[in-house]
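To keep things clear, I will list the structure first and then write my remarks on it.
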Amino acid sequence: SSNSSQAPPSNGTPGPFDGPQWPHQAPQSTYVGVAVLMGVVVACASVVNGLVIAASVRHKKLRSPLNYILVNLALADLLVTLCGSSVSLSNNISGFFTLGRRMCELEGFMVSLTGIVGLWSLAILALERYVVVCRPLGDFRFQRRHAVSGCAFTWGWALLWSTPPLLGWSSYVPEGLRTSCGPNWYTGGSNNNSYILSLFVTCFVLPLSLILFSYTSLLVTLRAAAAQQKEADTTQQAEREVTRMVIVMVVAFLLCWLPYATFALVVATHKDIAIQPALASLPSYFSKTATVYNPIIYVFMNKQFQSCLLEMLCCGHRPRQMGKTSPGTRGPCAGVAADRPQNKVTPSHPV
């Protein structure tokens, strides 16, 4: 079957690599709107993820094994921004994929690779917290080698599932508004559909199941601990705050990846369905905006990172309002309860 997202339709629309796709695919205002959105995403994601990496390089205290996966997530999000969001920004200004077919394949591959690293980082993070808090392995010490293995797994697994379209199992093509590229979930056929369904299971169902299992177990363990210490208000408060954070993290994951998973499955299983190009572009923009809110949820709400970031931004001085209760707190993230297990393990509720 001919590739509908590459072949120019009979109504005189130029091909996705040949010229502006407006007004055939969508009004020019849609492209301008998306370009503005991508501009905001590129600016914000570059700053927040850059700060996470800079703080980790600068402060040894942040380089604890349980934080490795957070830096891995920030690195993946930064690469999605550089390889995907910035390309999408410039292409939406032009109204078509200006860089040609080869770069389209490369962009599709890089965004898939780093996107899968990002979403599996969230699953590994949940699993690591489960292992440390719930202690299913008994007296197990989570060490640097375990953290490195977790990060290495995310890249190996992502490489395994983002390479096939370069080798003929499906392909990377211009999607939606035709200003960014991704796996071909439009054209149908067993070659494309089998890949999309495999991707759905290995890069959505599996990590989501791991996240739900890990955080459910973690909440059950915390609830049992809170029940044993009914008189301790701090334990009850911690349990409520962790519950709230877990809900936020699961909702954020679904907001980011459910549109992609749903669209891909619907289109792959209903080959005659026609979807508006602007609508077909939505999933890719949902996943790209996650590069801004992921670090905010996972890192900026972590007291340990928070303190080091503030100190770094204030040129080594603790901000006055945070230093009131602890005089003389200067130096490497002074006053951070870095070694309390709950701050490293749980989504750093303000304890």
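Backbone N, Cα and C define each Cβ position, glycine as well.
Annotated features in TrEMBL:
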- 1-13: compositional bias 'Polar residues' (COMPBIAS)
- 48-298: domain 'G-protein coupled receptors family 1 profile' (DOMAIN)
- 1-22: region 'Disordered' (REGION)
- 324-351: region 'Disordered' (REGION)
- 31-54: transmembrane segment (TRANSMEM)
- 66-89: transmembrane segment (TRANSMEM)
- 109-127: transmembrane segment (TRANSMEM)
- 147-167: transmembrane segment (TRANSMEM)
- 195-225: transmembrane segment (TRANSMEM)
- 246-268: transmembrane segment (TRANSMEM)
Whole-number mean of pLDDT values that fall within the domain 'G-protein coupled receptors family 1 profile' (48-298): 91
In contact by Cβ distance (the transmembrane segment (31-54), the transmembrane segment (109-127); 3 or more pairs under 8 Å): no
Result, the transmembrane segment (246-268) in contact with the transmembrane segment (66-89) (3+ CB pairs under 8 Å): no
